[in-house]
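Feature annotations, reproduced from TrEMBL:
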| type | residues | note |
| --- | --- | --- |
| DOMAIN | A:98-310 | domain 'ABC transmembrane type-1' |
| TRANSMEM | A:38-57 | transmembrane segment |
| TRANSMEM | A:64-86 | transmembrane segment |
| TRANSMEM | A:98-120 | transmembrane segment |
| TRANSMEM | A:132-155 | transmembrane segment |
| TRANSMEM | A:183-207 | transmembrane segment |
| TRANSMEM | A:228-251 | transmembrane segment |
| TRANSMEM | A:289-309 | transmembrane segment |
């Protein structure tokens, strides 16, 4: 028997009993004999190895590099402490990138969720042929970034693009989609929303279809308009899913890279130079690995902070 | 407000009829129960009155105004669902206030009505709780409060008690009845439970196989069933139905089997007849094997009475309710008899108009 320290201290019999029970409970939870430990490590091994090589090592290496100056092949040379960070946070260029990214992220998240809700709500109606629309609305899920980028580049093309044809036909002024800084930002936002929409739509549709129909029937009898039903039944009923989708979309948009690279390459005049694209350019074009590492760490902190905030703010409004 | 159905029919596609030719009038302030076995279309009928399901043919009127094409909210009624249809993310108070808010009523009016409705169902203290924090009976009360708060004079209930345990069901039954009387509601209540129908209804509509079987007061339905289905549906234990043949020589006599014959004071109009005898209208007594006409299969002692299950010599199974306790052995020969309240049905099951005065001889 294990001799518990509680037995040696003078206490009332009741509290001794309590302490003993507590210790027993702890033992039951945590004690593993040598053989169990051996197996535990074997089972943990593969995932620890993979996480270690592909996540933990790069993470700590990035943190390490961000505190040094590096040479052209990415080796750390001189320890400079936080000066990489200080340089970044005092550079107007970098701050503008943060601003651009935040604008992009919020625009994409809000528009994706709003459109996703609208489409899912339409597609959840029981109408003949609604299956076709469900398939169409979710179809963008199967489109890869490169295909989407090329497809939208065609649409945005200033001379032969679909949008320019429409403006010509309707005698509207031409929008230089990819050469005007503001328009380019919106071009990227539209394309990202279009790509995200399939997934968001499908998830929201699934959530909507699990809302019991009697709730709507009761509301119909009580005289609630469909608008009232949407905001007072549908939205609160699917709030956990909305919460999930909004976090996923937010994080994904922070990490947007492919579309930017294929459509604007961060231009014109850095108007779409998002944080991730900047890291890529700094590291692999300019060879400034130290600065790129510092940028990566800052981006991680930003995403973590926003996700935390989202949890804090939205969780109160989510009905599980 | 009264409700009238005229020749209402429902089919989901051209082939599958669910309801045929339903006509009934529900009077103002009446407790009207629609009862029938599962799948007989009773819930569909209720949903058609509510306007949740369109009708295929016929007419639904509320207060002599045809409402066939009116949406549910224009019919000025309220409905309590089997699963209560409470909004899980809203507090009890908000659940009750939902319809009033949806109709954009004045805040102070809403508060007054909701508080009053919650008080009426004894839920005032639980207003802030969420439905998941309530017991089944309390949830049921919230659904009732919602119906009360809406102030509609017609209330539809779709098997509202079927999710509750037996004890609670009896309690809620009384509460619903009291509420209906107090508010003067025209209440249409759907159930598959004959006891609920018998205990609460002013009038009962028995529905089976797409058709109305009978409409009447509980005592009419029990004492004068229109056919053998209705006779079998009401009363526990179930009525005994024995098949009999008219005697070839004497048309006043029915032969249940070679050794059981019934003499009637009038002629039997059909050759094949079914006889219905309620188990508590029968007598059973111990007899020696010569006098006996049945053997005991089993007995169930219920405290104040005993149900005796027996097989007639003809091979038909019957059960008899005997007051108090009897100690029959299994396979003990007994003599069963009945001399009043016999019901006669033709081969299709329709009630034959034969007077009840009759005798059964062994």
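Each Cβ is built from the backbone N, Cα and C atoms, and glycine gets one as well.
Counting residues 6+ beyond its ends, the transmembrane segment (A:64-86) has Cβ neighbours under 8 Å at 287-291, 293-294, 296-298 in the same chain. Comparing A:38-57, A:98-120, A:132-155, A:228-251, A:289-309 for CB pairs under 8 angstroms to the transmembrane segment (A:183-207), the maximum falls on A:98-120. Remote same-chain partners of the transmembrane segment (A:38-57), defined as residues 6 or more beyond its termini with a Cβ less than 8 Å from a stretch Cβ, comprise 32. Long-range contacts of the transmembrane segment (A:132-155) within its own chain (CB-CB distance under 8 A, at least 6 residues past either end) are made by residues 119-120, 122-123, 161-163, 178, 187, 190-191, 194-199, 201-202, 205, 258-259, 262-263. With a cut-off of 8 Å between Cβ atoms, the residues of this chain six or more beyond the transmembrane segment (A:228-251) that come close are 105, 108-109, 112-113, 116-117, 121, 196, 200, 203-204, 206-208, 211, 215-216, 219-220, 303, 306-307, 310-311, 314-315, 317-320.
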